[in-house]
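Visitor: Here it is: the structure, laid out below.
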Amino acid sequence: MVEFYAPWCPACQQIELIWESFAKESEQLDITVGKVDVTQEPGLSGRFFITTLPTIYHANDGVFRRYRGSRTLEDLQSYVLEKKWEAVEPVAGWKSPSSIVMHGMAGLFHLSGCIRQIHSYLTDTLGIHVWISYAIFILATLLIGLILGLMLVLISDCLCPSKSHYRNETSEVITKENAENAENAVLEEPEEATELSADDAEEAAEVKNLSEEDAPNSSVDDSEEDLALGKESGEEEEMEDLNEQPLADSETESSVRQRRGQVADHGL
């Protein structure tokens with residue numbers, strides 16, 4: 001059983017005699033009884049997260065339970081003899097004095113004790129005014145906060161770079177990839193050009209062969225078309241001649257008749 005107290009605490013002073021009597025009977029109860037001055041052990045009081053005074057804890061095999069019963073000698077004895085502590089719920093895991101969280105809390109309490117001692121040294125030993133001491137602590141707190149904040153910013157920038165930096169890196173990577181792609185395209189263009197020229201040459205050769213094959217056929221077709229056109233023109237000329245021949249015969253007959261008529265007239 002452990003009691004956390006402070007010399008200036010009235011409630012702690014009231015149970016001081018009771019706690020001493022309880023400690024004297026510790027051998028009969030087969031327990032260990034102790035007390036902790038929170039002003040002298042701020043780290044230990046921080047591990048138990050002492051917020052009220054006095055505070056009593058029961059500890060058994062590394063399991064801690066807070067005593068919330070009456071602070072009389074009989075109640076304390078019955079709590080141990082009748083094992084009433086078994087019905088009390090132990091302190092939660094993260095609140096346990098042996099946890100890492102409470103070790104950190106102990107460090108904060110120890111730091112507060114150091115700050116209190118420094119304040120006492122400045123005001124009592126050096127004779128500095130209380131408000132000047134407060135101002136010194138405020139400036140020191142701001143300076144330490146700025147340093148810690150700068151360190152956190154640097155660490156965060158190293159672990160998680162900003163988006164602008166990431167964008168710059170990605171843009172540089174993209175430009176490098178584009179340049180590599182452009183170089184590859186420039187190198188591939190002559191090959192494609194040679195392939196295209198070879199394809200064009202093959203196509204030209206095929207067209208030439210086709211034109212050569214079609215040339216005789218086209219000449220034969222043209223000659224046949226010319227013969228057909230010649231026959232048609234000859235037939236048309238013969239028809240015109242036949243049409244013109246009756247006209248000529250009729251004209252000669254009419255001229256002969258006119259001459260005969262004139263000779264007859266002269267004979268008369």
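Numbering starts at 1 and runs along the chain as displayed.
Glycine residues also receive a Cβ, built from the backbone N, Cα and C atoms like all the rest.
Unlike curated records, TrEMBL annotations are generated automatically.
From TrEMBL, here are the annotated features:
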COMPBIAS  186-204  compositional bias 'Acidic residues'
COMPBIAS  234-243  compositional bias 'Acidic residues'
DOMAIN    1-86  domain 'Thioredoxin'
REGION    171-268  region 'Disordered'
TRANSMEM  131-155  transmembrane segment
Visitor: Which sequence positions outside the transmembrane segment (131-155), separated from its termini by at least 6 residues, show Cβ-Cβ distances below 8 Å to it?
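Guide: Sequence-remote neighbours of the transmembrane segment (131-155) are 115, 119, 122-123.
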Visitor: What mean pLDDT does the predicted model reach across the domain 'Thioredoxin' (1-86)?
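Guide: Overall, the domain 'Thioredoxin' (1-86) comes to a mean pLDDT of 89.
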Visitor: Within the domain 'Thioredoxin' (1-86), count helix residues (DSSP H, G, I), strand residues (E, B) and coil residues, in that order.
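Guide: Once the DSSP states are binned, the domain 'Thioredoxin' (1-86) shows 36 helix, 19 strand, 31 coil.
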